[in-house]
Each structure stands twice: as C-alpha cells, then as structure tokens.
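Worksheet: one structure, shown below.
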Amino acid sequence: MQDLIASSIKYQQGTLTVLDQYLLPHQQHWHVCNDVETMKDLILTLKIRGAPLIGLGASLLVAHLAEQGMSQSALAVAIDELEATRPTAVNLMHCMAKLRVALAETDFVTAVVATAEQLFKEDIALCDSMAERGAALVDKGDNILTHCNTGALATAGVGTALGVIYKAQQRHGDIHVWVDETRPLLQGGRLTAFELERWQIPYTLICDNMAASLMAAGKVDKIFVGADRIAANGDFANKVGTYNLAVLAHFHNIPFYVVAPLTTLDTQTLCGADIEIEQRSPNEVRGVSGSFGEAMWAPTNAKVYNPAFDVTPASLVTGWVLDSGVYNQSDIEQGILKQLKS
Ligand code: MRU
C-alpha cells in the first residue's frame, strides 16, 4: 500500500500508526497497529475516534493484513469484528461494505488495498468540498459554536464542521469559536481546543451547560456540528449534547448546520429513532480520566446513563452541509438524501 498520511493516522513504509486521541493534548503518542485486537482496542477506547477516521483506520488495517498474507476467510472475520466495535457511526459500516466487495475479487489483495487507498483519498476530497460549501455560509466576524471534535483529527482531511471553520477563517479571518467541552469524554476541551490552537483560530472553551446563556446574550451567530449517521429523513445522530444545542438554537433563532460527507448518509435507516445509539461505561460519567490520570467524584456505584450520541430531528436543522451541496428542509422532504446515495 502506498504511504497515506493524515493528522492522526499514518501508513508509512509498511507501518500503520495511530495518534492516541485519549492522551491529547498533553501527550502526543503514536501506537503501531499490526493486528485486529489492537485496532479494536484503539477504537473502543476512543484512542482513534470520529466517524470518518474509525472507518479509515479499520480499512487501512485490513489492507495491511491483506498485504501481509492474511487469508480471504480470516480477512472476512477481521472485517466483521472491526465493524462490530462501535454501532452508531455509519462510516465504519460503509468502509467495511466496500472492503467486502473487494474481498470477493479473485485478486483480493490488490482490490482490498486499492479500496482502502481510495477511501482514504476520497475522505480528503470530501472534507475539502464540505469546507468550501460550509465556509460560504460564514460571515466575517461570526461567533460560531461547535460541539465535540470534527476536525483533522477525526478525518483524513481538514475535518467536517471544524473544516468549515478552518476554511472560513482562511477566507475571511476574524472568526471566533465557542468550543463546548463535550462531557463526558471532553473531545471539545481536549481535541477541538488543541486543533484551533494549532490553527491559530481564536476560541473560547465553555462547559456544555453554558451555551444557553451565551445564545440568550446574542453571542452565538451560527452553530456547526458534525454527524455520525444521517437517516433518510434528515434526522441525525451526533455526539450527545448536539440535540440540546439544536433545541436552544431553535428557541433563540440561531442558524444550526450539520456538516457531513456522503459516507455518513444512511438512507436504509428511515428516521433517527431507528439509529442504534452506543451506550458506554458508567465510569466515564462518574469521573474523568486521561493523560493526567483518573479522578472519580461520584459514589463508586452511582447509577449512570451514558449514551455516546443523541438524535437531532430534521425539523431543527437549518441546513445540511454535504460535500455535494448545502440542502434545506424542503430538499430533504423531497428525498435528496436518497438520490445522493443511489
Ligand atoms: O465518540 P466520538 O468522539 O467518536 O464522536 C465523534 C462525533 O460525534 C463527531 O461529531 C462525529 O464523528 C462527526 S465528525 C468527525
């Protein structure tokens, strides 16, 4: 496989390495990944995360194993196991479906490698298109609120919602970003703040529960978020807390945009209620852990509800910023998503 390099994943001279997103921003540690168990663990512990990147990481590993001589039947098992790691982000299923098609070819090694390379390069191009289209919605001087991490760390390219912000800053300058810290795993505080700092884009970090008062004070002009799965009717799953923002945006009359590539569309799923939501460990809510160690503040056995994602109904979305264009509610009602996916 040819060398493929992104912010948080690299395939270089036959070695696959993954930047540990759990240890960022204070430690930059790269894991070498040579086997399915390691990749499964990296995905399950969110060391590799973000809808597009999970699919790409799993794909590069499968291609690497194919080149290393793994049999067709063992590769099929690897694809099934990797696909089962996280249930909500559909990009993983999209990538694994493409690899299954390649695996059925007579020269499956060449086909699997070509597919993984193509998925990686396609993601870079999709990010560029979304960024271009989304940046056209941003005005000089905008205060933009975002949730979770949707930047270069989460994709092979510049990102989804954060890619829009990056492009808008390049185009007009004078952008300021309100960064939701994104409890429980703090992707905003750890990763989005890290990326904005690296890109020298002015930002202010807030706790998630501060967004309402900012909106009431007129300090948020637009909201851009990513998605882990968009259903046929435009409902979408994204990091838990996104729905709160959509409701608040509606109340305060603030434009609310979701930014996602074609690989995040799932038109087999008719509406948001049908999207499986990943439930995660209670300890993620009882306390917090990271490069600094672990702190648990709740009673050890506190009962916890910890869905990783929530669903935002299409009725609360101002625009769907996809790689192919920006669509409104009437486009969605007329079935544009199904057309795009066919
Ligand atoms: O649990 P995570 O960190 O993988 O969740 C990531 C998100 O929810 C992102 O907003 C999403 O993947 C879209 S953009 C990369």
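Glycine residues also receive a Cβ, built from the backbone N, Cα and C atoms like all the rest.
What TrEMBL annotates here:
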type: BINDING; residues: Arg49, Gly50, Ala51, Arg86, Gln187, Asn238, Lys239; note: substrate binding site
type: SITE; residues: Cys148; note: site 'Transition state stabilizer'
type: ACT_SITE; residues: Asp228; note: active site, proton donor
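Same-chain residues with CB within 8 A of the center of the Arg49, Gly50, Ala51, Arg86, Gln187, Asn238, Lys239 CB atoms, the substrate site residues themselves not counted, are Ile54, Ala89, Cys148, Asn149, Thr150, Ala154, Gly226, Asp228, Ala308, Phe309. The substrate site in the record is lined by Arg49, Gly50, Ala51, Arg86, Gln187, Asn238, Lys239, and its two most distant CA atoms lie 17 Å apart. Using a 10 Å Cα-Cα cut-off from Cys148 (site 'Transition state stabilizer'), the recorded positions that qualify among Gly50, Arg86, Gln187, Asp228, Asn238, Lys239 are Gly50, Gln187, Asn238, Lys239. DSSP assigns Asn238 (substrate binding site) to a strand.
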